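Asks: Before I ask anything, here is the structure I am working with.
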């Protein structure tokens with residue numbers, strides 16, 4: 001018997017429950033250039049065939065429900081339904097499969113990450129037939145990419161605004177993250193920027209708390225930024241966190257930052273939500289502000305290998321929604337991140353065209369249609385000894401963010417910034433001269449210590465600090 005893969009309105013309505021695979025599992029389907037494609041890692045419940053699970057995922061994330069409904073006959077279901085067109089077992093895993101699902105582009109509102117996610121990662125993740133489900137990757141077709149505006153400015157425009165080329169950018173998250181008064185906070189910002197950093201940053205927790213209201217912070221930070229600029233002759237910035245309880249309040253804070261003339265603001269895009277993020281990105285584009293994005297809450301969603309959403313999907317979604325910077329992990333620091341996987345989604349953030357490469361976790365070729373790139377931000381447990389690896393891994397188009405690795409310097413904040421700037425420039429020069437930083441990085445840092453006492457002091461403090469834990473999320 002040939003499975004029924006098309007819904008025919010003329011066949012008449014027959015009430016009851018039927019297998020999803022009769023309608024939504026279509027292995028002969030030829031993918032269209034306009035289809036949105038998803039790769040799901042499925043763990044079926046015992047006794048449930050993978051074809052039924054794959055079809056259920058396609059159905060529940062598109063047009064299907066648990067029973068046959070008579071209103072199916074009032075539309076052309078074949079035009080709108082998702083289709084599970086391929087299933088492959090996961091090597092080395094029992095009862096795990098990658099299900100490939102194609103969605104017609106007409107299922108989604110133009111320019112809306114919110115609507116995209118509501119369908120593809122909605123109720124289907126609670127489906128009883130599945131023990132676990134993880135969205136590994138999405139292909140966003142050019143026809144849908146072109147409905148989004150993407151980052152407010154992108155990497156090249158940011159460099160032009162800052163007038164900084166040929167090296168990575170340096171940042172620092174002000175610590176302690178909570179508890180400082182606005183004036184002391186501004187003092188720390190000034191010292192770090194004066195010492196040689198390009199940016200300082202609000203921690204993701206910093207909004208508008210009793211110990212430091214947002215307007216006071218904005219004013220003292222703006223003063224610190226302008227003072228550091230006048231003394232160094234370089235353009236400086238501080239990521240002022242505009243995240244707030246409501247979109248209206250968030251945009252009010254963004255407007256204040258614009259009126260103060262600062263170059264960049266910040267948003268927590270997962271806790272704030274994609275609707276808020278897209279609104280803020282549009283405001284930044286219209287008013288000349290760069291937008292730094294923090295990924296607070298991402299590990300709740302992406303860290304488990306079998307269930308949730310891989311960060312590469314969250315990174316793609318952010319590029320669509322809009323952000324000039326996005327935290328991406330470090331590979332070498334205190335936070336989770338395997339090298340090849342991290343470099344895979346870093347390329348998805350920065351590059352215009354990325355080929356399918358399963359060795360890096362990239363399931364689909366992605367064409368961004370000249371949409372501006374998002375600069376990856378490496379932060380979390382890094383210090384000067386990590387600089388050679390960071391320059392070798394991320395290259396120039398990245399922001400390397402040292403919080404404790406700046407403010408923990410034994411001589412103070414400004415010497416900590418000096419140490420990081422010297423280390424970055426030494427490693428960049430060594431790389432440009434053709435030296436292998438992976439092999440000679442330690443020698444490069446030790447050589448630079450001879451003419452930078454600040455770097456020498458930092459190297460002595462952090463020479464034994466390592467974060468050697470096995471990565472959970474591997475290919």
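Quick reminder: no glycine exception, Cβ is built from N, Cα and C everywhere.
What you are looking at is a predicted structure, and each value in this text was computed from that prediction instead of being measured.
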Asks: Which candidate from 213, 215, 295 does Swiss-Prot annotate alongside 123, 173, 177, 327, 379 at the substrate binding site?
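Replies: The record-listed residue among the candidates is 295.
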Asks: Using the centroid of the Cβ atoms of 201, 203, 204 as reference, list every other same-chain residue with Cβ within 8 Å of it (recorded Mg(2+) site), in sequence order.
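Replies: Residues close to the Mg(2+) site, other than 201, 203, 204: 173, 174, 177, 202, 205, 206, 239, 241, 266, 294.
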Asks: Which ones are near residue 204 (Mg(2+) binding site): of the recorded positions 123, 294, 327, 379, which have a Cα within 10 Å?
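Replies: For residue 204 (Mg(2+) binding site), the recorded positions whose Cα atoms are within 10 Å come to 294.
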Asks: Going by C-alpha distance, which of the binding-site residues 123, 177, 203, 327, 379 is nearest to residue 294 (active site, proton acceptor)?
Replies: 327
Asks: Over all shown protein chains, what is the count of other CB atoms within 10 A of the CB belonging to residue 173 (substrate binding site)?
Replies: 24
Asks: When DSSP is mapped onto helix/strand/coil, what comes out for residue 173 (substrate binding site)?
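Replies: Going by the DSSP assignment, residue 173 (substrate binding site) falls within a strand, counted as strand.
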Asks: Between residue 201 (Mg(2+) binding site) and residue 295 (substrate binding site), how far is it from one CA atom to the other, in Å?
Replies: 14
Asks: Looking only at C-alpha atoms, tell me how far residue 203 (Mg(2+) binding site) is from residue 123 (substrate binding site), rounded to the nearest Å.
Replies: 32
Asks: Which of the listed recorded positions (175, 201, 294) has the least company, meaning the fewest other Cβ atoms within 10 Å of its Cβ?
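Replies: Among the recorded positions 175, 201, 294, the lowest count of other Cβ atoms within 10 Å belongs to 175.
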